[in-house]
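Remarks on the structure that follows.
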């Protein structure tokens, strides 16, 4: 792999900071966007300074200043955006980035902020969670209308949110005595170590096999059921949990009285664990789809048994 100039937008976020690290480790000239408001957050600012110590370049720009964005993207070959999808307004900020990339005319690859379920497959998703997918599709359309070279990354379930707590609603720590199994617990799900997500993302930036395609992260040993995840934890911890199966109807009933953010989470879990939206389709090269672990077999990805060890 050669040396690229990579700009990460959202580099202080949950997945963004890992992508910055992976880019540096892979020897790329790494640039991190520094937005004015970042200087008001001591933790984010210190994180940016730590990137600088590791060799990254900090580039000042603002979504409210088009010319600053154009100057930033003119510095690089690749732009990776990882702004949070938790706030829908943040996703549409990417439209400003698309305009800057279009004007600059030099970017060879743009990876927008997705990294979860494939929004192209979620047109019938439940409200209010559907809004996230709809907005991601708005960004995709803008990218494609502008003929910007791109890769969409479907990274499925981050371990920190879905594995450590055995996908339970509430705390991010493992349950100590009881666990709710969604449905019969036998729907296949894809769980990912976040650092592996970053590694696969960086490996794709110069790969023509992923150009203008959707890359799914579906390493075979991480395609397991909810019940298998729970059983893995039980074997590691030596603690047998009391299991209660929850029907789809009862699960959806949990939405009642919840705030919007909680409803979004419940809706997304429903699609993952009851409908099997991460695995109920084949990856089809004819539809410009590729799978990461097949493209990069040299990556020693983290299995969920190993991911769970830190929780013991």
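Residue positions begin at 1 at the first shown residue.
Placement of Cβ uses the backbone N, Cα and C atoms for every residue, glycine included.
Counting every protein chain shown, 22 other Cβ atoms lie within 10 Å of the Cβ of residue 12 (NADP(+) binding site). Look at Swiss-Prot and you will find 10, 11, 12, 13, 14, 15, 16, 35, 44, 140 tagged as NADP(+) binding site.
For 136, the entry in Swiss-Prot reads active site, proton acceptor. Counting only residues at least six positions away in the same chain, the Cβ atoms of 85, 91, 112, 113, 114, 119 sit under 8 Å from the Cβ of residue 136 (active site, proton acceptor).
Feature annotation from Swiss-Prot assigns substrate binding site to 268. Taken residue by residue with DSSP, residue 268 (substrate binding site) is part of a helix. Listed in sequence order, 117, 125, 129 are the same-chain residues at least 6 apart in sequence whose CB falls under 8 Å from the CB of residue 268 (substrate binding site).
Counted within 10 Å of its Cβ, the other Cβ atoms near residue 10 (NADP(+) binding site) come to 23, all protein chains included.
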